[in-house]
């Protein structure tokens, strides 16, 4: 209000603004002196459930601010010191009554004083008098909503929070989350060993409405003694913390999201309209966000009511409604996330216990990404300049992203249904059933129908495996024999397939694809060997598109791939895919070609250990550092890997086209499927040739459709302004000139560059922030110097 030039008076119920009550606060922006450096998840014996997390360091790179813990009293005092006119703050003012009229609102206090204003904002906590007055007014217009709100607040947990002096065994800058049955803990150590702690306990009964328990000092001490056995670390129990306690308080943890935030000239903010458990530390930060949104709305009212005029009630209602609409969905989601974490940490369900035991050790940056979802859409104060440190980051603020604003995965899956249709179409047209009688006959006789050459039936000397792969080798026998009618087409297709294989492997190492099926290319490629990649690829692309919206790349480090794995992709593909492939075509003897084909058929199994175990050991993995300080480190590797494979694919295309005299018909046949389905083939040679042409057409048809979807996302996000006609023209030209494999690789590389160098249209980038600040007549110090 001070910065916006809005006249106000603040009525404080207590005798001081910043009392010392043993309360702490976690500031996601820069709230305190000592940042949290390491975070541990620990079991009920104090042992780590997973490697320690430096997610606060990653959060600093993403936002420009460190996650800090400190006394709530200290933060309130800093804010109080920033108010120039202290006469605006009146102490010991307990609200007794609120009188609302068409001309204004009057607050009567218990000391007999009364204050008039155009609007009333209630920041008076969980048991808000202002909210009660608001409900009484709104009940006439929204009786059902108000009735629901009166019963909305619940409580299932209680919490002992406090501050203690240094405890041996706890390190400065560490945060420890403790998981246990029906209880949990959070302990954070700051400057000088000053320690902030929370002990959470599920109550024997749940409470609803305003009928909540309140605890005495004696009850707090009894609660503390009941948790002396709780292990914060293997050698530190809660008893040691309690013995050093300086201040503490036992409270019930209310949880609520309300439907009615405003009515007429009254609005509520903070805990009075969204109350959450403190496990993720977002209660205070969410209240600050709501205050920022409300301040912007009030400033707009004041600007509209210039010249000594008062804002009309209709204008006030419009601005207050805008304030609630801007915040409601986001705060509801944060309250839910906080509730879920509270129950997870107290192991309320079997699913929680399974998750904690088997998933937490592999979560990686899950906590940092959870924080990112809550931070990225943070509300700013619309009439103040944007600080430079908040935009020179890897995750600029974006009001269209984050919790409550995420794209629906089901909607994206519905949009990607064409892939499902293509799957069923490919499955119908590429039914391998006709192969079975031919393969059975050839494997029984050991000879090929078009030659006296024998076909080796074994390679691995494991009957079940040789029997499984035998029909596949029979299918490829016309290709291996070198029959021109199918050999050149198959060779070109399989060379191109190597580009797609590399793309899938790179996507499996991308941070944005964590915990999605894209991390499992082995499953898709192995299934492709038996059913055809043209059949399986639409399933891969469907899940990738549905689960990887553009919002997944809000932080630049989410585009990053694991650098050691990415470096291993090219050698792994060459060793496990291309060398057996070339040997299958070029080995002097047919028997040798068959043997190499047996080896090539299981390339998905060879690539996985090569890429993830053997080759990765040859390259240092710097991902942990790169995600913080060098988010573009993998770009040269991706360019080189895909670029070389694109060049290889283009060379194979040009060679094949040159052998066909670059005729239009030959090029068309290399791209498009035949007019007849493979089921109509009368012999194995025809079946193999037509099947592989369909396989190629479906694979690259699906790939280009997938790229089209991805570029639609990029264009919708304002990261590419080029017209669709031009994009499609480039794609068509690349396919004709360089071949489908090379064209797909170039499309993938183009997308990679856009993800790395462009920002979403709504992101608060440095350039956009500078323009906004100049509109307000403000410049950063760096700009003044320059």
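Positions of Cβ are set from backbone N, Cα and C atoms, glycine also.
In TrEMBL, the transmembrane segment annotation falls on 727-750 of the listed ranges 655-678, 727-750. Checked against TrEMBL, the range among 473-489, 490-506, 626-642 recorded as transmembrane segment is 490-506. Note on TrEMBL: of 598-619, 752-773, the range annotated with the feature transmembrane segment is 598-619. Note on the transmembrane segment (727-750): residues 492, 495-500, 502-503, 638-639, 642-643, 645-647, 649-650, 652-654, 667, 670-671, 696, 700, 703-704, 707, 711 of its chain, located 6 or more positions outside it, place their CB under 8 angstroms from a CB of the stretch. Using the rule of three or more Cβ pairs under 8 Å, pairs at least 6 apart in sequence, the transmembrane segment (518-542) is in contact with the transmembrane segment (490-506). Counting residues 6+ beyond its ends, the transmembrane segment (563-586) has Cβ neighbours under 8 Å at 476, 479-480, 482, 487, 491, 494-495, 498, 501-502, 505-506, 508-509, 592-593, 596-597, 599-600, 603, 606-607, 610-612, 614-616, 618-623, 626, 633-634, 637-638, 640-641, 644-645 in the same chain.
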